[in-house]
Amino acid sequence: MLRLAFPLVSHLPPRKPPPIRQRPPPARRYAASAATTSSTPSSPPPSHPPLPPSSAYVHLPFCRKRCHYCDFPIVALGSSSGTTPSRGEAADDPRIVDYVRLLLREVAATRPVSEDGVPLETVFFGGGTPSLVPPRLVAAVLDALRGRFGLSACPEVSIEMDPGTFDAARLRELVGVGVNRVSLGVQAFQEDLLRACGRAHGVKEVHEAVGIVTACEGLQNWSMDLISSLPNQTEEMWEESLRCTVDARPTHISVYDLQIEQGTKFGQMYTPGVFPLPSDTESANFYKIASKRLSEAGYNHYEISSYCKSGYECKHNLTYWQNRPFYAFGLGSASYINGVRYSRPRRMKEYAEWVQELEDGTWSHKSRSSDMKDMALDVVMLSLRTAWGLDLQSFSKSFGKSLALSLCNTFKPFVESGLVIAMDMERQALPHIDFELDLQNEGDFGSRVAFIRLSDPDGFLLSNELISLAFGIISP
Amino acid sequence: MAGAAVLRRSARGIARHIAAAPSLSRNALQQPERLLSSQASPEHGARGAVSGSELALYPPERVRNFSIIAHVDHGKSTLADRLLELTGTIQKGHGQPQYLDKLQVERERGITVKAQTATMFYRNTTASQDSDAPRYLLNLIDTPGHVDFSYEVSRSLAACQGALLVVDAAQGVQAQTIANFYLAFESNLSIIPVINKIDQPTADPDNVKDQLKRLFDIDPSEALLTSAKTGKGLEHVLPAVIERIPSPPGKCDSPVRMLLLDSYYDEYKGVICHVAVVDGALRKGDKIASAATGRAYEVLDVGIMHPELTPTGVLYTGQVGYVISGMRSTKEARIGDTLHQAKSIVEPLPGFKPAKHMVFSGLYPADGSDFEALSHAIEKLTCNDASVSVTKESSNALGMGFRCGFLGLLHMDVFHQRLEQEYGAQVISTIPTVPYIFEYGDGSKVQVENPAALASNPGKRITACWEPTVIATIIIPSEYVGPVIMLCSERRGEQLEYTFIDAQRAMLKYRLPLKEIIVDFYNELKGITSGYATFDYEDSEYEQSDLVKMDILLNGQPVDAMATIVHNQKAQRVGRELVEKLKKFIERQMFEITIQAAIGSKVIARETLSAMRKNVLAKCYGGDITRKKKLLEKQKEGKKRMKRVGSVDIPQEAFHELLKVSNSK
Ligand SMILES: Nc1nc2c(ncn2[C@@H]2O[C@H](COP(=O)(O)OP(=O)(O)O)[C@@H](O)[C@H]2O)c(=O)[nH]1
Ligand SMILES: [Mg+2]
């Protein structure tokens, strides 16, 4: 039973709200060039980002059961777990305890990239359902991270929570140990849809959870997750979910478009585009409705699937989209350190063995570090997901002006048709005529156009097409 | 077994490698002794060891050259097997496979591609029990059974003096029976009718005799009744060959002169020519020359096909065998050519014609980067099939490729099949076309083998056009006459003959534009007649026709590889069909695509494909971008495989599908 009322006492002082910025920081730190201001446009940047990571992802894989669309590395605990009272330490599931032990070993065995201690600015507890993990254990992980890498003065510490898995006390405890951002996995506001997805909660739990989160002292920054294009989802249902979301006034909203993955229950049951899944046209319509309704409600559509109130971008996710390095810990998690992307084993046994190797010093990166081409692909793929878009000047510096020019040429017809927006230094949209003038010779290139981005919603909706076109240029 | 593999011979070696195991035949070629010496022949000391002096025992009077002609499945291969067994040429009862007509293309189209040629020794012991009965050398010169190879057939028949006309006792005369009969008849061959499969419960040999009388004026008493299955009546076949077929004419004391019947390329021995020695004798070490090319060669090896290559060192007047003379490519060994003693002036044998290409199509690498590989594969393949013409061409949609000319449709299919099966080449082929002739206002004429090459709006006015036609023979149970007449008139056919060959069966003869039968005609004919129709055709002359060039445009850009030449009255229908097909196979893109069929500047069919709405992965989880990146890479690769015209990407399937659009509907 979840209780809303709680003594408003906390053993830790409430955290400050996160610093508010007007817009996301420009994507200036990809590859390497920006850090070494001395690098000239012609000199190739070093093969890995010299910046030490200032973000860490921590995977907490436990769920009560697997949702029908989910193909993440998770551990299903069964229905008994998760309603554990926040102070019921005695009842801690040994699987969770064992896992956290492993995590702590991984943290301890991971060498910080920089010796002079660049502290972590963001920590993200993702899952799984991290809210199933007792706050005490979350605190232990945070402590370990702080000890190993340092935490900045006011880091963004996010945790994913599912309705029905926490009460006010538990949340308060989490906030008490340093969590200051919650991402609430609501997904839908319709009982039928939640059931059809195999979610472990109903609409009642959603409302209770929203109540707990909004009432929680010291927690201003929270996000709500929704999924569109669910089986049998109607436009009315979608409108309703968006309305309820706006009414709950989260600072951030993530809207995911259902992907049917192989090996999931949905993968066996449904074919994309075929009833009861919406057609591509209907599904595009859901996307457009979200964009419209959430913009009307004052949210910025700052990334393909992310909306926020001004200044409430998820700083942790910006790390990804800006192609900056990050640590990662835990089952199946992916890190990006020293220019190398590494995905940990997705099976517990193998992960445990891997941690052992890491401790023994017998593990070494087998994956080659990304080359220039890979890095350019990453930059384009990630930055074009954002409203900020691709910073051409910085891209030119890292990968050469002619590649930037080729990219722009490829996008020319789409600037004209409105799927792509070209912008000047002041981020004012350029008429396509001006854009084309800029492309006429390499010398002029960049005199007007400074950024390109995909338009909202039409360009975002075709991001795979547009980005794969760019891929064809970068890596023919 | 290996013997059988060697027997799998085709006209010009076209289909040799499709169903045969080349390695098997190669072994057999390398080690004929091992395979042959194991069994004593009833007629010879040891099979395989045939000496030149033995061949000298067979002057022309003791030689008979004949072929077996039949409609498909009437028992030609089986009868040939039996005759080879009867003469001890191949081993009996060792599970000799039915090795002719096993090609997919043959089955699909109801035609025969391959042929076999073999020398047999035979003593007629049925006429007299006398062991002094003379021995004969019999050459079974087989022919491919398809109109594409009618020239090769005519050359093979030119080396024969007689033919066994095999007819199924139950099915009676069919389309190819008629076509084959006339080919043999025109070559002045003695024809021995063989009514086969008399063991079948539905056999009606008397009805077949009536048909033969009515259609070919063959005296019913001449027909032999056989079952190649049970062996019944087979003992009469070879005696009839000896009695009824004349021996080859030819002057034994003239310089050597021979007809080149067939050739194929062997990896180890080079070009192997099948020849019929018309005059004189051919010996190892002789110098010979080609009448067609003037090139001279030395005879390195000469022998008979018994049935494997069996060196004899010599071939005498009237005999049939093989010659290896250091030719490098079958292009030097033109079928129908005369080979003769070098440095002597001889009259070439009549009838030599260069290959006539009736069907053309563009062949392009399915993956643009494979041009070199395709080029190499085509070069290798034409080494064995010199009858394909190949010229480089390029297309705005498909890049660099080749325009290939074929003897006919089947020939084209076999060529494609071999390219893919033997060389692993992935090809896109353009809609097959026929050689049209266009005349301009100034009186000049051009032959158009590639529709794209014909200007859509010619500066010069076209005043007349001609297209090649064929004469088709169709035999059907009479209840299907109506639908078949409909089909033929849809295909712009002109009825020439409509007769009944017996109480149930009708024969139709039509003149049809060749273009109308090269796509899908046979399938459709089979479809509307529950599979009962049989069909064959022969080339006929060019006829004047109202032809137009039809362009396919994507967003206003013509796709040259999709241009076709169609009859004016059918343009609308064909245009609609092409455009609809393309709409199905072109994928949505980020902009609207208009697909048009146009004649000159006049659009006759149009479809629009609306722009794609959505292609987004709105999930990017936990920084694990590698999966998403892979997906985008895959998408990029998919785009790369597409063919692009203007800004429109065309999937390769679209080209394949267009081939299936009947140009005649
Ligand atoms: N019942 C019967 N079947 C036969 C006879 N001769 C051939 N066949 C069968 O008819 C089919 C076609 O024979 P085949 O020799 O391949 O015909 P081809 O196409 O003319 O060469 C095969 O299944 C043979 O076994 C025969 O005399 N009687
Ligand atoms: Mg056969």
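Note: Cβ is positioned from N, Cα and C throughout, glycine not excepted.
Some features that TrEMBL has for this protein:
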type	residues	note
DOMAIN	B:61-249	domain 'Tr-type G'
BINDING	B:70-77, B:142-146, B:196-199	GTP binding site
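Features as recorded by TrEMBL, highlighted on the structure.
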residue : record           : DSSP (3 states)
B:A70   : GTP binding site : strand
B:K76   : GTP binding site : helix
B:T143  : GTP binding site : coil
B:I198  : GTP binding site : coil
In sequence order, those binding-site residues of B:K76, B:T143, B:I198 whose CB lies under 6 Å from ligand 1: B:K76
Other C-beta atoms that fall within 10 angstroms of the C-beta of B:K76 (GTP binding site): 28
Densest Cβ neighbourhood among B:A70, B:I198 (binding-site residues), 10 Å radius: B:A70
Other CB atoms within 10 A, centred on B:D73 (GTP binding site): 18
Binding-site residues near ligand 2 among B:A70, B:D73, B:K76, B:T143, B:I198 (Cβ under 6 Å): B:K76
Local confidence of the prediction over the domain 'Tr-type G' (B:61-249), expressed as mean pLDDT: 85
